[in-house]
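Student: One structure is given below, represented as structure tokens, and several questions about it will come after.
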């Protein structure tokens, strides 16, 4: 919105207030990116414990430990976002931002692959168990865990689609800032920003599509909204 207002002349691109608002928005974007990355890592770890250490899950993931993890994650995200925006004019900071993005993707990718491999081994062990309620309980718990991993994989794919063009923009800005062909891609910066901001709308849709309870809740909300509109 601020970019559009600046383009039509309603905001000065070098005004003090506009620059401060721009820093705030940039900090929130960086914070959301870092929060997404750390959330993927945390949820992947939670899925791992749910599937492979189900009986000890509540002993491992206590309420105090969960609160401490969330506190560390968002404190780190907030401080890192402010520092990134404050020193983002430096190519070193921009390069560190891009390298962090690539390393995080590699870690998450190998973590997911490792979980899928372990889940297949786990499934074979469950299949080899003698029949009974215990086996069915293991199968049900394993199936729920696998659905959670698949949902997380879809969320990660949406994250990649929404954020990758923006980071390609940063890479091009560092590698070929004066090349006319690179300038053609950089001219789509507003589109890249809109795409990464749309990630906040895509995630709830994926959750609603993948989780039956949320689908039912959204359906009830829509029916309630239609009922209220019909009364007016």
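In case you wondered, yes, glycine gets a Cβ from its N, Cα and C as well.
Any TrEMBL annotation is an automated prediction that lacks curation.
Pulled these features from TrEMBL for this protein:
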- 24-45: transmembrane segment (TRANSMEM)
- 36-207: domain 'G-protein coupled receptors family 1 profile' (DOMAIN)
- 66-86: transmembrane segment (TRANSMEM)
- 92-117: transmembrane segment (TRANSMEM)
- 149-172: transmembrane segment (TRANSMEM)
- 192-211: transmembrane segment (TRANSMEM)
Student: If we skip the immediate neighbours and take only residues 6+ beyond the ends of the transmembrane segment (66-86), which ones have a Cβ under 8 Å from one of its Cβ atoms?
Tutor: 23, 26-28, 30-31, 34-35, 38-39, 42, 93, 97
Student: For the transmembrane segment (149-172), give me same-chain residues lying six or more residues beyond its boundaries with a C-beta closer than 8 angstroms to one of its C-beta atoms, as numbers and ranges.
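Tutor: 33, 36, 40, 43-44, 47, 51, 94, 97-98, 101, 105, 108, 112, 115-116, 119, 182, 185-186, 188-189, 191-193, 195-196, 198-199, 202-203, 206-207, 210-211.
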Student: Pop the mean pLDDT for the domain 'G-protein coupled receptors family 1 profile' (36-207) in here, whole number is fine.
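Tutor: Mean per-residue confidence for the domain 'G-protein coupled receptors family 1 profile' (36-207): 77 out of 100.
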